[in-house]
Ligand SMILES: Nc1ncnc2c1ncn2[C@@H]1O[C@H](COP(=O)(O)OP(=O)(O)OP(=O)(O)O)[C@@H](O)[C@H]1O
Ligand SMILES: [Mg+2]
């Protein structure tokens, strides 16, 4: 790319397009690799022969390739003893996760222990992908296999350059998807996989067609071209075996997944007293009982946990009832918590079985984070995702522009300053403390009287002169942020609910008392000071960390 005579946007795009038309998907720009999604398996592009070819080759000697990038980072690590990170970024559907897998495969090829048989660290790392994707990926508008969580994989190497341990860190899973999907998207893959499981499993978990479950049938999309749910169920089970998840654990995992589906089918009707509710009908009662059985907890207590609320007062604990709407919110909150704890458990379990190498002082990290998103309707999740991407953009700016140019200045090289758009102002707008959007949102979540309307008014007032913030003309609750990748209009409607991250004490106690040790471990007793009043925990603030 740097050899182009005219280095401007049309020239760059044309160069990439011409190459792409010839199935050349990789191009260098300096030492950065641009990869364009081929949407097809290209012959001989990523096979073992190609890996052999790139092993030890200097960057630039061969055609641009993702293996070359991994090779450089590995050589540098070995020669200079320096740990490295490879950052894969791009918008949703650009091919980050696929590229990450290729990077891991190549690093496993370089640092693998050939011939040891059994489950090696690298095999387990590679096999963790299908497990995490089954529970953390979903079909979205942009991508049939969109990662709804961020992931940082750290490969640890020993002195001889062999992979000796690994750690997978994930960043907040989009949990609202568990209870809410709309056409043409789907919920997390695992729900559909399980509904296509062999008949004995279906019977055991009292499942049926995906379209009979509220959490799945809000969207008319049930099946996805190119995904065979029945085969994927078996593949996921296999991958679980590979990463060391026992048969017993797998059984509990899918029991919990099924329980979430049954929970979603519990409807409520108005009770005889004001602000109270009852289980709507026999069908709902069946799903309540099934959810209770699968979670191995007391069904009556489960019912109470959904339709009653205990309030701590100076005079002691008072039990009140809640109306059908609040009971539904409670049910959804319960389902989301169970699912996100299950996901975190999987990550921890995979890490425990792969094992870390505490004596390793060299590592290569690969970051695959959710890509920039701009949909017709954008909510809290998009704000978090786009905020993460702004952070990465800042890091990119820092490394590529600021540092390079500082070096030129230091070395008194004759150069002309390259303009780039610094996005610090967007970051300040979102994360500044106090006064940024997240701080104002957290504040709103603390006040019981706040609504998304009051929050929006506050944002309009506060940022009326901010050049990256705007109020769309016809809306009283939406706001626009000018991101580095374009303008995004956010609908603030569910921001407050989505930002709150606390487990209702009744839900926590109920599941902690489960007769199934797997479920009970997902909900350990909360530390004393956190019970009942831990309502200030916020998702957005955790995102900033
Ligand atoms: N190198 C590749 N070769 C073949 N197909 C690819 C490649 N990269 C991406 N694809 C295709 O594009 C799809 C989307 O890619 P991928 O899931 O990697 O996107 P992503 O950038 O991780 O998106 P998201 O941010 O939504 O997770 C893949 O499911 C696959 O079909
Ligand atoms: Mg992805």
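Numbering starts at 1 and runs along the chain as displayed.
Heads up, the Cβ atoms here are built off N, Cα and C, so glycines get one too.
Copied over from TrEMBL:
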| type | residues | note |
| --- | --- | --- |
| BINDING | 90, 91, 92, 93, 94, 95, 96, 97 | ATP binding site |
| DOMAIN | 1-545 | domain 'Myosin motor' |
Cβ-based neighbourhood (8 Å from the centroid) of the ATP site, residues 90, 91, 92, 93, 94, 95, 96, 97 excluded: 37, 143, 371
Where the C-beta lies under 6 angstroms from ligand 1, the matching binding-site residues among 91, 94, 97: 94, 97
Overall pLDDT for the domain 'Myosin motor' (1-545), taken as the rounded mean: 90
Close-lying binding-site residues around ligand 2 among 93, 94, 96, 97, where CB distance stays under 6 Å: 96, 97
Other CB atoms, at most 10 A from the CB of residue 96 (ATP binding site): 24
